[in-house]
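Heads up: the structure comes next, in C-alpha cells.
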Amino acid sequence: MKKFIVSIMFALSASLMTTTAMASGGVELEDAKVDIHNQPSLQRGAKYYVNYCMGCHSLNFSRYNRVAADLGLTEEQVAKNLIFTRDADGELEKPGALMKNGMSQKQSAEWFGAPPPDLSLVGRSRGSDWIYSYLKAFYVDPTRPLGANNTVFPNAGMPHVLWELQGWQEKHCTKGEGEHAVEHCELKLTKAGSMTPVEYDQTVRDITNFLTYVGEPANLHRSTYGIFTLLFLVLFAVVAYLLKKEYWKDVH
Ligand code: HEC
C-alpha cells in the first residue's frame, strides 16, 4: 500500500513538473513575488497598464469603477488617471464602463501577425511568473518585423512596448566544449532606459500584480470571507451543542 501511494505521488509530481515546464516553453521563469494585498503596487500597475497596454489589450471583464473600489481610488481619481478610452460618440468612457478599447481584431492581426488578446484572464491562464518573466525577456532581434524577440515567448507578435523604461537587451549565447554541450544564453542590458534594472523589475511586478488581481478580483476578499465562515461555524457549533443538551435533557 505504502509503495502504491509513493508511486502515485511520484507520478503526480512528475506530471506537474512537465506541465510547468510546458507552460513556460522550457524556459526558466522568475518568481514574480506578487502580492494582491499591496494596494499601492496595484494602483501603480493599473496606471502603467492603461498607459502602456490598454491601447492594444482590453480588459473586457473589468469595469473602471469596480477596479477603483478594489484599489481604493475615488471615481474622480479614476476618471482623471485611468480613463483614456472613448465610447462610440467620441466621449471619454464613464466610470461604469467596461475596460474595452477601440482596437480592431482584424486590423491588429495584420499589423502584428496575431491580434493582441484580451488580458482579463491572463493572470490565470499564463500565471504571474510567466507574465513577469515575459515582460523582462524582450531583446533586440533585427530578423523580427518589429526588431525585437522574446525568450519566454519566442517570435511573439508584441513589440517591446516598455523599451523606453527598460532600455534594450541583447542575447548572448555561449556553447560549452564537447559534442553534447548545451548552449547557454543570457540577456544583457546594452542600452539603458529611463529606469534602473531594479526600478524596471518593480514596474513589471506592479503590472503583473494588477493583472493577477484582474484575473480573479474576488481573491482580494476571499480570505476575509473564510475567517467569517470559520467564526460562524464555531458559533453555530456552540448553539447546536446547547440545543442538543436541551433536547436530550429529559431523555436521560
Ligand atoms: C502595440 C500593441 C501592444 C501593446 C501596446 C502591448 N501588447 Fe501585449 N501583445 C500584443 C500582441 C500582438 C500579442 C500577441 C502575440 C502573439 O500571439 O504572437 C501580445 C501578447 C501579450 C501577452 C501574451 C498573451 C497570451 O496569453 O498569449 C501578454 C501577457 C501581454 N501581451 C502583455 C502586455 C502588457 C502587460 C502590455 C503593457 C505593458 C502589453 N502587452 C502591451 C500587442 C501589444
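Just so you know, glycine gets a Cβ as well, placed from its N, Cα and C.
Just so you know, TrEMBL annotations are computer predictions that nobody has curated.
The signal peptide feature in TrEMBL is assigned to 1-23.
The domain 'Cytochrome c' annotation in TrEMBL covers 40-218.
Around the Cβ of Cys53 (heme c binding site), the number of neighbouring Cβ atoms within 10 Å comes to 21. Per TrEMBL, heme c binding site is recorded for Cys53, Cys56, His57.
Note on the transmembrane segment (225-243): none of the residues of its chain located 6 or more positions outside it place their CB under 8 angstroms from a CB of the stretch. According to TrEMBL, the feature transmembrane segment maps to 225-243.
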| note | With the fewest other Cβ atoms within 10 Å, the residue among the binding-site residues Cys56, His57 is Cys56
| Cβ-centroid neighbourhood (8 Å) of the heme c site, Cys53, Cys56, His57 excluded | Tyr49, Tyr52, Met54, Gly55, Ser58, Asn101, Pro116, Leu119, Val161
